[in-house]
Amino acid sequence: MGSHMVWFLFLVSFFSVFPAPSESMVRHYKFNVVMKNVTRLCSSKPTVTVNGRYPGPTIYAREDDTLLIKVVNHVKYNVSIHWHGVRQVRTGWADGPAYITQCPIQPGQVYTYNYTLTGQRGTLWWHAHILWLRATVYGALVILPKRGVPYPFPKPDNEKVIVLGEWWKSDTENIINEALKSGLAPNVSDSHMINGHPGPVRNCPSQGYKLSVENGKTYLLRLVNAALNEELFFKVAGHIFTVVEVDAVYVKPFKTDTVLIAPGQTTNVLLTASKSAGKYLVTASPFMDAPIAVDNVTATATVHYSGTLSSSPTILTLPPPQNATSIANNFTNSLRSLNSKKYPALVPTTIDHHLFFTVGLGLNACPTCKAGNGSRVVASINNVTFIMPKTALLPAHYFNTSGVFTTDFPKNPPHVFNYSGGSVTNMATETGTRLYKLPYNATVQLVLQDTGVIAPENHPVHLHGFNFFEVGRGLGNFNSTKDPKNFNLVDPVERNTIGVPSGGWVVIRFRADNPGVWFMHCHLEVHTTWGLKMAFLVENGKGPNQSILPPPKDLPKC
């Protein structure tokens, strides 16, 4: 046998035992959904958790890895888990929103979510996608680059996951159920949370989260806003962040002392521990520039330099004012895609479907809603308040089950009016389970226009199954003649969750290259509950990898 053949056989045997560093892996996780007594704000309550942890466990993987996550439901509620921001290319069965892509996992039942992290790296997250269970059922999903592939920014010395949330002393299911009976808005949360801790609050001297750092080292903070209903500002006293990624997409780095992060969004920032030894206050506080009630309790934590005595005083900072629109706009307007050769911004430049969706609130008749004087607050897209079906939409589409949904969702508002101002006499909405159909690979431009019906408000809108580019935003009513002239088609930020500004509009573009049924909804949970949601039905293409895969055998049944 020649020396070349011996060497070849050695290499074959070597790589069969030691896989190449770039080879993707199959990673197995098990989520036991269980009740656990959790104490916060000096009171305890039975809480739905994953593996008895609040917040839930962080999932770690690498780009192109396959995840098999077995979810076992040990609680009295139906359960489903959404992997927020994961593209789920051809695997809509694993996306997770109950009654959209799957029937929920019933008590005592099991479902294994099986999907591949195709071409994605960065910080995403997971959460329950049924009822209000995501108040406590959530955690981070960290997707590292492939081995040997560096970050497109200076390598940090360490990484930390920071998940922001909200906490109610009362049972959240009772809170939303009572609100639905009354027709009014639910009670706001009792506190915000930083990695599951509020920090010391009035009448309850609890410990907050401590972020330990060493002088001179740089840390990558992976921020997630898992709050149900509130946009948040995030600050560290005396420190400046460098923003490097949002929604698992790299951005052109920029510096800021305040991060704005809406429910559903993720943001990666670099923090260099360049100050004198000490303890520095961390704040998570609400942003709301509309006359809407919010939880105004600021959650706090500390950045704790090594060698600092625990008795040392904490260096303080004031959070931004609740209505600090200019700070919010400065942050949002600084976001640009990296748009490098390795990470290009593939913005659609020709458009097949021009859509215009109004997003906002309304009032429908409710004779039993005594507190609401016979009316119920609802929410809608293009004046359609979405009604959840009794069975899941994706299986109904796949198996051609009739009578579950229609595909006549309006591409424009049924009534043209002064969306961002002026009074509206009829605030009623239509209801229905209506989808918008898109051919495979169609390009879409979608205008999301806030309305002032009842009150203007910032709506963080999340699209499942796709990333999209924000090509423009502004205040007032979108002008289809003037505003496109200012679109950014070169390096617009790429996201999966976008904030529609209060009293304004945002325009997104995406390519419908992922067949299936894909939910789009406001990520303020109260607005989703009220009906601010719809779904796109993306048809199969004609190529070999352009059709949705068959459903798994253990897909839950309704």
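Start at 1 and count along the chain as shown; that gives each residue its number.
Yeah, the Cβs are placed from backbone N, Cα and C, and that goes for glycine too.
Quick look at what Swiss-Prot annotates:
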- H82, H462: Cu cation 1 binding site (BINDING)
- H84, H127, H523: Cu cation 2 binding site (BINDING)
- H129, H464, H521: Cu cation 3 binding site (BINDING)
- H459, C522, H527: Cu cation 4 binding site (BINDING)
- 32-148: domain 'Plastocyanin-like 1' (DOMAIN)
- 158-308: domain 'Plastocyanin-like 2' (DOMAIN)
- 408-542: domain 'Plastocyanin-like 3' (DOMAIN)
- N37: N-linked glycosylation site (CARBOHYD)
- N78: N-linked glycosylation site (CARBOHYD)
- N114: N-linked glycosylation site (CARBOHYD)
- N296: N-linked glycosylation site (CARBOHYD)
- N323: N-linked glycosylation site (CARBOHYD)
- N330: N-linked glycosylation site (CARBOHYD)
- N383: N-linked glycosylation site (CARBOHYD)
- N400: N-linked glycosylation site (CARBOHYD)
- N418: N-linked glycosylation site (CARBOHYD)
- N441: N-linked glycosylation site (CARBOHYD)
- N479: N-linked glycosylation site (CARBOHYD)
- N545: N-linked glycosylation site (CARBOHYD)
- 1-24: signal peptide (SIGNAL)
List of residues, in chain order, with Cβ under 8 A from that of N114 (N-linked glycosylation site) and at least 6 apart: T66, L67, L68, T91, A94, P552
Model confidence over the domain 'Plastocyanin-like 1' (32-148) (mean pLDDT, whole number): 98
List of residues, in chain order, with Cβ under 8 A from that of H523 (Cu cation 2 binding site) and at least 6 apart: A262, P263, G264, P460, V461, H462, T497
Per-residue Cβ crowding (10 Å cut-off), top of glycosylation sites N37, N323, N400, N479, N545: N323
DSSP-assigned states of the domain 'Plastocyanin-like 1' (32-148) in counts, ordered helix, strand, coil: 6 helix, 59 strand, 52 coil
Local backbone state of H459 (Cu cation 4 binding site), from DSSP in three classes: strand
Helix, strand and coil residues within the domain 'Plastocyanin-like 3' (408-542) as assigned by DSSP: 10 helix, 58 strand, 67 coil
Length of the line joining the Cα atoms of N545 (N-linked glycosylation site) and H464 (Cu cation 3 binding site), in Å: 19
